[in-house]
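**Student:** The feature domain 'G-protein coupled receptors family 1 profile' is assigned by TrEMBL to 40-249. As annotated by TrEMBL, transmembrane segment applies to 25-48, 60-78, 98-119, 131-154, 196-224, 236-259, 271-289.
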Amino acid sequence: MKANQTVLKEFILVGFSSYPHVRPFLFVLFFGLYLLTLTGNLAILGLTWADRSLHTPMYLFLRALSFSETCYTLTIIPKMLADLLTEKRSISVPGCGLQMYFFLGLGGTHCIILTLMGYDRFLAICHPLRYPLLMTNVVCGHLVVSAWAGGFLISVTETALIFRGSFCNPNLIHHFFCHMQAVVRLSCLDSDLTELIVTMVSVSALTGTFLLIIITYVFILSTVFRIPSAEGKQKAFSTCASHLTVVIVHFGFAAIVYLKPEGSGGDDTLIAVPYTVITPFLSPLIFSLRNRDMKNAFRKLMKENFN
């Protein structure tokens, strides 16, 4: 048990207070990236809704991914932007719990949807004749609901473990949001054990979904290499390129945050920026620019509105 067991009502998010001279620049940079992220995700949501040719499982998964990513950024970035402009960077304990719950839940949902998108491509390439029967819009809807349920089941478990007791002074969270490892260290209970458990849960979920994606791509590649024509190979690869790029970016940055060895050095605040700000910005950009159907749908919508 820790010595100072004053019951805390709020935390102070230290965030970028160590970089006072660059905070205005960081605000402009992050605000610009956030607007572009919202614009990109809302464009994907709008296009996949408006164009009936995109009402297929592949784009239903993409719509679900963009929606979860929009909600994911809303849980962190507006608060972070506000804190960059003020000296009072407090958050109530219940508010911190809610932020953590939605951040972990939406992050978990995001990983599961990326896994389901890999499974969708696996069925389309490895079982093309059975694909219309195996992956209908109804099945896709059920899988998306399961992804949300799975993500928030993990989240409620971790959040309940962290917030089951009171917190001790000092009430400083050395992060720009309620990151679970930064918050659990302030617990008056055995924080080392709790931190180990929640870290293992997060790492298991992260590596588990990533391994499932790797397995699906092993089967996809083995099928693609058996396609006799170069054109057929290129067409198969093009349907997977955007997804695979986003997977590498998403899980690569997540691994830096969650698999960083204890005591390895580095500012946790800066290390989390790529995962929470840059990845959500890149994801809609990659899916939009590398997708012919999305670009055609955009041109079609522009012609309808301006002709």
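From the backbone N, Cα and C atoms, a Cβ is placed for every residue, glycine too.
So where do these features actually land, and what's packed around them?
**Tutor:** Away from its own ends, the transmembrane segment (60-78) comes close to residues 30, 34, 37-38, 41-42, 44-45, 48-49, 99, 102-103, 106-107, 109-110, 113-114, 116-117, 120, 137, 140-141, 144, 147-148, 176-177, 276-277, 280, 283-284, 287 of its chain (Cβ-Cβ under 8 Å, at least six residues beyond either end).
Sequence-distant contacts of the transmembrane segment (131-154) (same chain, at least 6 residues past either end, Cβ-Cβ under 8 Å): 55-57, 60-61, 64, 68, 101, 104-113, 116, 120, 123-124, 201-202, 205.
Beyond the ends of the transmembrane segment (196-224), by six or more residues, the same chain brings 104, 108, 111-112, 114-115, 118-119, 121-122, 125-126, 154, 157-158, 161-162, 180-181, 184, 233, 236-237, 240, 244, 247, 251, 254-255, 258-259 to within a C-beta distance below 8 angstroms of the stretch.
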**Student:** Give the nonlocal contacts of the transmembrane segment (271-289) in its own chain as ranges (CB under 8 Å, at least six residues past its ends).
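**Tutor:** Cβ under 8 Å, 6 or more out: 30, 33-34, 36-37, 40-41, 43-44, 62, 65-66, 69, 72-73, 76-77, 175-177, 179, 242, 245-246, 249-250, 253-254, 256-257, 260, 295.
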**Student:** In the same chain, who gets a Cβ under 8 Å from the transmembrane segment (25-48) while lying at least 6 residues past its ends?
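**Tutor:** Same-chain contacts beyond the ends: 16, 19, 54-55, 59-60, 62-63, 66-67, 69-70, 73, 77, 80-81, 84-85, 277-278, 280-281, 283-285, 287-288, 294, 297-298, 301.
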